[in-house]
Amino acid sequence: MKLTILFGGASFEHEISIVSAITLKEKLSNFELNFIFCDQDHTFYLINASKMRATTFSRGEYKKMPKLTLSHGSFVQKSLFGSVDISGTVLNLIHGGDGEDGTIAAILDFFSIKYIGPRVDASVFSYDKRYTKWLCHARGVKCVESQELSSSEHSNIKIAYPIIVKPSRLGSSIGVSIVKDESKLDYALDSAFEFDNTVIVEPFLEGVKEYNLAGFSAGKKFYFSIIEEPQKEEFLDFEKKYMDFSRSGNVDSAEISKELESKLRASFEKVYKNLFEGALIRCDFFVVNGEVFLNEINPIPGSMANYLFDDFGGSLKLLANSLPHTKRAKVTYEYIHSISKAKGK
């Protein structure tokens, strides 16, 4: 199968995207892969697979590689001797802004390029944590209570301590702080507001169980990964999550009851259905006294959560063959022709 991995982007998670792409190069060695890098200036480069290493990007070596443009149906490499289409379904692996906020989805849709990843509407609901909670309420999925703050409401906290403070539109624990009392609040808010103009405050739930579940739908059927119980620490900071994005070995399935497994899958389906088709996503859940709460949606999970699937390559092939088709207007110019005919022109 031909697959084009699109990575990079102009976001705070740019480097994580590079790590994910390098990881998938090894994981998908039986695929016919192309690699397209989007730099911070939104220029696209075709990266030779042999150059897929971190220093290619940190040293700026990618700038010596072919630049790409977009045309109907594909990315294009132009040269003095003509142009070459970069064929294959695109895998959107740009984490954070650009990739998860709907920007790349809109561009790929505009040029009718087939891709695996969240569509524009799905991106809107998963990228902004405020809208994720609205989605949960609309679909009957429980989520943790929260308070939204703008920079003008700097310390009007109504939730009891300890709390967790996070930017509305960032992942990978960037700008996230646990605040155990009011003395640490201003610093946490200042840190979060460095990355966004809106902040979400939630109660910090201690002693809860956490579970991660990835999946997708294809042919009106859901396909799920194993359920992972992530390593138990009070808080995974950016560096720990950065290392987590390079995972490629499979993990052990959580030891949970069939009842809880069914609850987690049911919540996943409610979130996914009629919104995330075409994407492989990961949902992170809290379980409190047997009740399931959605913590967050990862529309483009680190390294595509490959380590949660027994047959990750097979899952991607299945998804690539079941991508949604957008109905497009057929332009016929009938109206203009009828007016011209009536005027005798």
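The backbone N, Cα and C atoms fix where each Cβ goes, and this holds for glycine too.
Quantities reported herein were computed from a predicted structural model and do not represent experimental measurements.
Feature annotations, reproduced from Swiss-Prot:
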- 160-211: ATP binding site (BINDING)
- ASP284, GLU296: Mg(2+) 1 binding site (BINDING)
- GLU296, ASN298: Mg(2+) 2 binding site (BINDING)
- 133-332: domain 'ATP-grasp' (DOMAIN)
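Positions of Swiss-Prot features highlighted on the structure.
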residue : record                : DSSP (3 states)
ALA160  : ATP binding site      : coil
ILE174  : ATP binding site      : coil
ASP181  : ATP binding site      : coil
ALA188  : ATP binding site      : helix
PHE195  : ATP binding site      : coil
GLU202  : ATP binding site      : strand
LYS209  : ATP binding site      : strand
ASP284  : Mg(2+) 1 binding site : strand
GLU296  : Mg(2+) 1 binding site : strand
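Cβ-based neighbour count (10 Å, all protein chains) for ASN298 (Mg(2+) 2 binding site) stands at 21. The two recorded residues, GLU202 (ATP binding site) and GLU296 (Mg(2+) 1 binding site), have Cα atoms 12 Å apart. All chains included, 18 other C-beta atoms sit within 10 angstroms of the C-beta of ASP284 (Mg(2+) 1 binding site). Each residue in the domain 'ATP-grasp' (133-332) has a pLDDT score, and their mean in this model is 90. Candidate binding-site residues: PRO167, ILE174, ASP181, LYS209, GLU296. Fewest other C-beta atoms within 10 angstroms, ASP181. The two recorded residues, LYS209 (ATP binding site) and ASP284 (Mg(2+) 1 binding site), have Cα atoms 11 Å apart.
All protein chains included, ALA188 (ATP binding site) registers 20 other Cβ atoms within 10 Å of its own Cβ. Using a 10 Å Cα-Cα cut-off from ASP284 (Mg(2+) 1 binding site), the binding-site residues that qualify among ALA160, PRO167, ILE174, PHE195, ASN298 are ASN298.
Taking only the Cα positions, the spacing between PHE195 (ATP binding site) and GLU296 (Mg(2+) 1 binding site) is 18 angstrom.
Taking CA atoms as the reference points, ASN298 (Mg(2+) 2 binding site) and ALA160 (ATP binding site) are 27 Å apart.
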